[in-house]
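Peer 1: Provided herewith is a single structure, encoded as structure tokens, for subsequent inquiry.
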Amino acid sequence: NLVQFSYLIQCANTGKRASYHYADYGCYCGAGGSGTPVDELDRCCKIHDNCYGQAEKMGCYPKLTMYNYYCGTQSPTCDNKTGCQRYVCACDLEAAKCFARSPYNNKNYNIDTSKRCK
């Protein structure tokens, strides 16, 4: 679910950037999404949005699905055997790892999406 996703983000980036920094970034980080991603980090969000879309097609509710994960010393891992929990955790885990390895550009935070996301 979205709360667990927030924790996975913190785990993957070892607390270097608070999760809320990703809630209004570029064209895809946060609610909705359109146009061309502005950078690598925004592409992570587009991929995550698409992953959630696939989860919904499978009959899952990704924003609400609770799953099991472990925040280890190397990186977070998912601990779910089957179904929606496994799929949604994988979506969130891949996005969190993608966020951690992608540069954050302050100029792409809280942009005018009506102009830059066509």
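Glycine is treated like the rest: Cβ placed from N, Cα and C.
According to Swiss-Prot, the record shows the following:
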type	residues	note
ACT_SITE	HIS48	active site
ACT_SITE	ASP92	active site
BINDING	TYR28, GLY30, GLY32, ASP49	Ca(2+) binding site
DISULFID	CYS11-CYS71	disulfide bond
DISULFID	CYS27-CYS117	disulfide bond
DISULFID	CYS29-CYS45	disulfide bond
DISULFID	CYS44-CYS98	disulfide bond
DISULFID	CYS51-CYS91	disulfide bond
DISULFID	CYS60-CYS84	disulfide bond
DISULFID	CYS78-CYS89	disulfide bond
Peer 1: Does DSSP give CYS117 (disulfide bond) helix, strand or coil?
Peer 2: coil
Peer 1: Non-local Cβ contacts of GLY30 (Ca(2+) binding site) (under 8 Å, 6 or more apart, same chain)?
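Peer 2: Non-local contacts for GLY30 (Ca(2+) binding site): TYR22, ALA23, ASP24, CYS45.
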Peer 1: Going by Cα-Cα distance, which of the recorded positions (GLY32, HIS48, ASP49, ASP92) sits nearest to CYS11 (disulfide bond)?
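Peer 2: Nearest in space to CYS11 (disulfide bond), counting only the recorded positions, is ASP92.
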Peer 1: For HIS48 (active site), just count the other CB atoms lying within 10 A of its CB, please.
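Peer 2: There are 23 of them.
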Peer 1: Compute the mean position of the Cβ atoms of TYR28, GLY30, GLY32, ASP49, which form the recorded Ca(2+) site, and then list in sequence order the other residues of that chain whose Cβ is within 8 Å of it.
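Peer 2: For the Ca(2+) site, the extra neighbours are CYS27, CYS29, ALA31, GLY33, CYS45, LYS46.
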Peer 1: By a 10 A CB contact count over all chains shown, which of the disulfide-bonded residues listed here is most packed: CYS45, CYS51?
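Peer 2: Per the Cβ count within 10 Å, the most buried is CYS45.
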Peer 1: Between the recorded positions ASP49, ASP92, whose Cβ has more other Cβ atoms within 10 Å than any of the rest?
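Peer 2: That would be ASP92, with the highest Cβ count within 10 Å.
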Peer 1: Select the closest residue to CYS91 (disulfide bond) from the following recorded positions, measuring between CA atoms: TYR28, GLY32, HIS48, ASP49.
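Peer 2: Closest by Cα: HIS48.
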Peer 1: Taking only the recorded positions GLY32, CYS44, CYS60, CYS71, ASP92, which one has a CA atom nearest to the CA atom of CYS117 (disulfide bond)?
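Peer 2: In terms of Cα distance, CYS117 (disulfide bond) lies closest to GLY32.
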